[in-house]
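Asks: First the structure, which I've put down as structure tokens, then a few questions once you've had a look.
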Amino acid sequence: MRVVFFGTPQFAVPTLQQLLDAPDVEVMAVVSQPDRRRGRGNQVSASPVKALAIAYDLPVWQPERLRRDPEVLSQLQQTQADAFVVVAYGQLLPAEVLAMPRLGCINVHGSLLPAYRGAAPIQWSLINGDRETGIVTMQMDVGMDTGPMLLRWTTPIALDDNSQTLGDRLATAGAELLLQTLRQLDQGHLTAISQNEAEATYARLLQKEDFQLSWDQSALELHNRIRGLYPGASLPVQGDRLKVLASLPLGLGLLLSAAYADWQDWQPDPAAQPGTVLAIAKSLGPIVATREGALLLLQVQPAGRKPLSGWDWANGLRLQEGLSLLE
């Protein structure tokens, strides 16, 4: 089976690798977003998908706007591919591209469609505190994630999952599901199912202000946002912003893992002002009052420094019970 792969970020890499490893698949070319400034050094660099393609000596095409690039459109047509596989590419495919391959254009999407159509499904499933998510393969149409669905895979979302751990799990599962989808399509064994438009929701692009959290939010809301926005969510501390990389909501009756059993029934002082240190959990970190419940800071990253445990951070600042982090 001849395929062209469209993808850009790390999330798409396992699917491309799965196709490269499959004995019955020939990857003809890769289409990825143009090189951008990335990482801490803000240097222009190739996307993770392009880097893998280059390692396998595959042709890589990087149109700024696919629909306005006649050369790439012509090259796609000339591949005579059986299918175009699309994973987090970053551009909508025009109708003329969707019509090119024999089996159509197959997309791997990181949610249980029609929920969370759009650019950030993994992040919003965590932010909203969902307990289950998954992967769907679908036959693409001209809309954004609106095409008929083919196969799906589900997974529970754990309380300590974040966008990286959940994204890695979904990426691995999506790679396997995509290969199953292609093989079953090629054999004529799959029937596409239309999405229910009445159940559609959207996962909008994240904005800078989404990452600016406040102690006036509830502990559960803060925890979910810290997980979904990993590793970028921050809270105000002593006139600066502190990135919080891992946390645990306490005092809300949630079932905690065995590692935190000592804090299962702990309750915060309901009169404490949000941002007040309520306790220092030994070997773990500070417990801070919020609008509802309290938040245990397990891993943090002060501005300009490397990540460290909440325990080490609290000891370094000599935090004490009753101290307000807002002062």
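Cβ from N, Cα, C; glycine included.
Below, the features straight out of Swiss-Prot:
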type	residues	note
BINDING	SER111, LEU112, LEU113, PRO114	(6S)-5,6,7,8-tetrahydrofolate binding site
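Show me how these features fit into the shown structure, please.
Replies: Proximity of PRO114 ((6S)-5,6,7,8-tetrahydrofolate binding site) to non-local residues of its own chain (separation of 6 or more, Cβ distance below 8 Å) is seen for ASP145, THR146, GLN195, ASN196, GLU197, GLU199, ALA200, THR201, given in sequence order.
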Asks: If you count Cβ atoms within 10 Å of the Cβ of LEU113 ((6S)-5,6,7,8-tetrahydrofolate binding site), leaving out that atom itself, what do you get?
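Replies: Taking all protein chains shown, LEU113 ((6S)-5,6,7,8-tetrahydrofolate binding site) has 27 Cβ neighbours within 10 Å.
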Asks: Would you mind checking how many other C-beta atoms are within 10 angstroms of the C-beta on LEU112 ((6S)-5,6,7,8-tetrahydrofolate binding site)?
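Replies: Cβ-Cβ neighbours of LEU112 ((6S)-5,6,7,8-tetrahydrofolate binding site) within 10 Å number 21.
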Asks: Which residues, sitting 6 or more apart from SER111 ((6S)-5,6,7,8-tetrahydrofolate binding site) on the same chain, put a CB under 8 Å from its CB?
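Replies: Counting only residues 6 or more apart in sequence, the Cβ neighbours of SER111 ((6S)-5,6,7,8-tetrahydrofolate binding site) under 8 Å are ARG117, PRO121, ILE122, SER125, THR133, GLY134, VAL136, ALA203.
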